[in-house]
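Straight from TrEMBL, the features:
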COMPBIAS  519-528  compositional bias 'Polar residues'
DOMAIN    282-419  domain 'FAD-binding FR-type'
REGION    493-532  region 'Disordered'
TRANSMEM  26-47  transmembrane segment
TRANSMEM  101-124  transmembrane segment
TRANSMEM  212-230  transmembrane segment
TRANSMEM  242-262  transmembrane segment
Amino acid sequence: MAAAASKGPTDKTLRVGRAKYYPKEIWWFIVCLIAVVSLCHIGNLLLSKWRQWRQSSRKTDPERQGSTLRRGAVYVTRIPLALVNVYRVLAFRCTLQIGSSYSLCLADVFLTCTYIAIIFGWALTNTTDLEHKKFDESFYSNRAGTLAASQFPLIVALGTKNNPISLLTGISYEKMNSLHRMCSRVLFVLLWLHAGSKFATKTVTPEDWPTAWLRVGLMAVVAFCVLIIISLRPIRARAYEFFFYTHLVLVLIILLGAYFHARNFDFHQYVWPSFLIWALDRFIRVARVVYFKVVSYIGARKNPGGMDAKLDLLSPHMVRIRIPRPPAFHWSPGQLAYLIMPGISLFPIEAHPFSIASIDDPAAAEGNAKEKGESYFKELVFMVNAREGFTRRLADAAAKDDAKATVLLDGPYGVSPDLSCSDTIVLIAGGTGISYTLPLLLSVISKKTARRVVFLWAIRDRSHLGWVSAAIAKALATTPPSMSISIHIHLTSSPQEPLPNSPEAWDDDSVHNGRTRGALTNQESSESIGKEKAGSTISTLLDVDAVTVQDGRPNIGALMKEELDTATGRMTVCVCGSEGIARAVRSSLLINPLAGSNSVIRGAPSITLHVESFGYA
């Protein structure tokens, strides 16, 4: 009997076995989740290709049947499409507001809650020992550390620009970055469950303090604490450069500490892949930068100075960067690129992301961008809002006559909205959000696929029209008769308007802050714009019947209702601006697809919403 009892499971064998097996179970769950999202992405790509192929026969696409449907009648065949819109409304337009800095859509909330349930479910389940003591510390404490170690590769992958998860799921890296922060904060709590329980139950003895494995583990946890604090959005947004470099150092400390701590317990195999993932991402980025630089150098041999970027200070807080388009650099509207400017950055390898405000037109790129507005068709153009740090130094450099700078390119990144099969397209921007919506407008007009296009831009000063007026006027001149276009410009400058850096502001540029270091006054700004003959291009644009200029904030709700009442088929809304303008657009699209006059089931358009935010903090 004694021999038989000795062969039974013990608390130690149960703890060790579950600590080794549970991380694998979590990874199987994550892999299955990624596989499901990937299949949905592949299905969406195939559906998009099918729509393009059958575009000439609109009756075959239920989202483009609006022109043949009588509004008000219930169509049973549109129930699946209505259910898809129900999902879109619940997942991406219903939000949870946390203070003035955070706004989470329910899809993010669901993923966060799911990840928390997975991690802590596996960490705290089966923690009753053989003596029936529930939540035995010896069970969940070590297991929490093992589970935390197993999640480091996932967190690193979510934070890189080139990762297989984005490739498989079609989710852009900037949206993956929010998941990266979410997973990191969950992991932070899990690590404190691991470390805190050890100290609370006095499992760590005085004899353990001199050991290297304990010290490096504590070092990693302390570094993680500091990183969590400085990664909070108010701190990150106010001192991004400080966060960026501190983040690199702290992550290195965390991973090294985690590796050597886990190696003492033979779980380091979960940590070291993180270094490979990071190194692969860096290798791809460096290779891309070198390739584009070499190609640009070869292409510029007949044009000395053609490799340099031209800097234009359009206003005290707005810089335009124009870069000769590298022959091998291709992008889609709505994508962004990282710019490395050694002469302006504090460190030579410092990279900053900005939306590409021009379109990829190989035919137009053959000539020189001398005609007004041509740079948005023939060059890489970036609109940069100058605040502090790098962007302020950039504005200082642009204030010089004939300012130029050496630029290294890394990109493009991001996912371009598919507008090829949309009947109605609404583009809404505030301030420098024009960098996102302008190329979409130029591309839509160039491809001539939509029936109706609405372009709305909220700015603080009328002179800001000079930034893009020539490009818009040039595009409007080529609009086909079958396309209806409305351009709405709203001037929001008023004493009651919130400051540009406020979440409630609708635009992020200002000419009301007076003189700052290296910036121009309002009068000097007007003179600078006058050098580009912006006044004449603004007048040319305003002479177009499709363009209207109004004072005050736009009434997003009224605009969207007006378009929904007359729209047919498929409708896509793209918005880029502050949290305030994004919240207004989401609120205006909280429509029940199954009931009401503008419901999909009654012939109203199927709506897709794309939201981009200011900045990269």
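Residue 1 is the first one shown; counting continues down the chain.
Placement of Cβ uses the backbone N, Cα and C atoms for every residue, glycine included.
If you look at the transmembrane segment (212-230), the same-chain residues 6 or more away from its ends with a CB under 8 A from one of its CBs are 184-185, 188, 191-192, 195, 204, 236, 242-243, 246-247, 250-251, 253-258, 260-261, 263-265. Taking Cβ pairs closer than 8 Å, the transmembrane segment (242-262) reaches residues 145, 148-149, 152, 156, 212-214, 216-217, 219-221, 223-224, 226-227, 230-231, 235-236, 268, 270-272, 274-275, 347, 350, 617 in its own chain, all 6 or more past its ends. As a summary of secondary structure, the domain 'FAD-binding FR-type' (282-419) carries 34 helix, 40 strand, 64 coil according to DSSP.
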